[in-house]
Structures are given as C-alpha cells and as structure tokens.
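Asks: Just lifted these from Swiss-Prot, have a look:
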ACT_SITE  2  active site, schiff-base intermediate with DNA
ACT_SITE  3  active site, proton donor
ACT_SITE  58  active site, proton donor
ACT_SITE  264  active site, proton donor
BINDING   91, 109, 154  DNA binding site
ZN_FING   240-274  zinc finger
C-alpha cells in the first residue's frame, strides 16, 4: 500500500502541474472504487481551478473554491501525469484533464477512493475519514512525550499501535518494521510498556525513516510509481529488515525473522530489537 512517503511524493509531483490550473474535465471510467465515486462529481468540478494540493496521512487533498477532493491510492494505486494523447490502459479508472496535462489514477484492485467534501460540510479535517487521524510525523509537537502519552495503558503490540494511526499517521506496514528496527524495539512489545526514553527513540526513528523515504521518492515493491511514472528507491537503498527474512542483519549479522501480526508481515532482528 502507498504509505505517507509515497503519497507525499505524489503530491509534490502533481502540485506544480495542477495548482492554479483549471480542471477541464473529470473522466470517470470506473466509479466502483472502495466507495462509489459520486455521479455528480464531474459536473461539480468541470472548469473549476485547483487552488492548492495537500495531504492528510495517506489521503491526497485537491482544494477547490467550493470544496476539497479526497483521493486515496488504495492498496496498489498510483496517480501519474500522462501525455495528452496517451490512451488509457486496463485499470486506469479516473482522469483529471487540464489544458496541458492529464493526471491518471491507476488502481488494479479498486481499493482506492475519489470523494468530495463540500465547504458547506465544514473543514475537510472533519470528514469521517480524516477526523480520527493522529498527528503528522513532521509536526513539531510529535515527540517521545506525545507517543508515551498516547500509548499509555495500551496492551496492543507497538507495531499494531503504529499501524492504527491514532497516535501518529502515515506509518504503514513497511515503515513500521523499519522504524522499530531503527529504534531497537521488538515489534511485539506492548505499546503501553514503552518507557519515555524508548518512545523518544521511536519518535526520532519515525521521523528519520520517513524523511529518508521521502528523499528517495518512496518505496516500490510491486505497483507504486510516482507522478512521473518513476519507481521509489527507498526499499532498494535503505531497507534494513523488510522482506529480508533469513538474511543477515546489516548491523549484527543475526538472521532477520518474520512473523505475522494482525494478518500483516513483520520483520525484525531478534538481537538488535529488545522487548
């Protein structure tokens, strides 16, 4: 699934292309996404300028004068710029057509979303998909104290607590394993048992890992590409544990282990990461 670095990389790629430009047409070839695309959405947005782009967690935000379009890339989706004369391929479900550019949503599994939040419903942060999200990892308020306060009394494993997104957003399955390795924390450790210093190390690891991923254009394991069609390079360059089961830890040489938590694969070093 595209995680925060992939979504932010996409936003940075499309922002100079569409901000200030008028959307001439929204072409919906397949409305049956995770939630149905509203039938009136093309008429609501035709000939309307994009005022700004944004992101909340893993959601892309396209701001118009009368509301905000919420776009989620699902499990395997991508949003990229294509040539004006490029024919759609299989699984190319939505086009944003501007005078000199087309953005195309490709989503083989149709787990993504293209939704609309009118200004009359209040700020977009109050949308049901966004209102329960935790703090952004690069918010100055996010630190060890923040994590320690939000993890207090939680019996769930720290890996699961990160994935839930209530304490901090954007740490998906790939980066959760990487962050915990960087912090030296066993992913099975109950979140509520982490000391304040260990929470501080984890907060620092989250920021550093996501910053590295952003600098590398995100991660590409199977489907993700950026706005220009380029794959992310983080996984090939930086991955310490993810999908390295049985291989030697890059730090101590101990074989990396794999386990399943909440039906998701977790990777860790049993020597470097302590409970």
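Cβ from N, Cα, C; glycine included.
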Asks: So if I exclude everything within five residues of the ends of the zinc finger (240-274), which remaining residues of that chain have a CB under 8 angstroms from its CBs? That is, six or more out.
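Replies: For the zinc finger (240-274), the nonlocal Cβ contacts are 157, 159-160, 163, 173-174, 176-178, 180-182, 184-188, 221.
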Asks: Neighbour count first, Cβ atoms within 10 Å, every protein chain included; then name which of 109, 154, 264 tops the list of recorded positions.
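Replies: Buried the deepest by this measure is 154.
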Asks: Would you mind pulling the longest C-alpha to C-alpha span across 91, 109, 154, which the record has binding DNA, in angstrom?
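Replies: Looking at 91, 109, 154 as a set, their Cα atoms extend up to 40 Å apart.
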Asks: Quick one: Cα separation, residue 264 (active site, proton donor) versus residue 3 (active site, proton donor), in Å?
Replies: 15
Asks: So which one is it: of the recorded positions 58, 91, which has the fewest other Cβ atoms within 10 Å?
Replies: 91
Asks: Using DSSP, how many residues in the zinc finger (240-274) fall into helix, strand and coil?
Replies: 0 helix, 13 strand, 22 coil
Asks: Drop a 10 Å sphere on every Cβ of the active-site residues 2, 3 and tell me which sphere holds the fewest other Cβ atoms.
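Replies: Minimum Cβ neighbour count within 10 Å, taken over the active-site residues 2, 3, occurs at 3.
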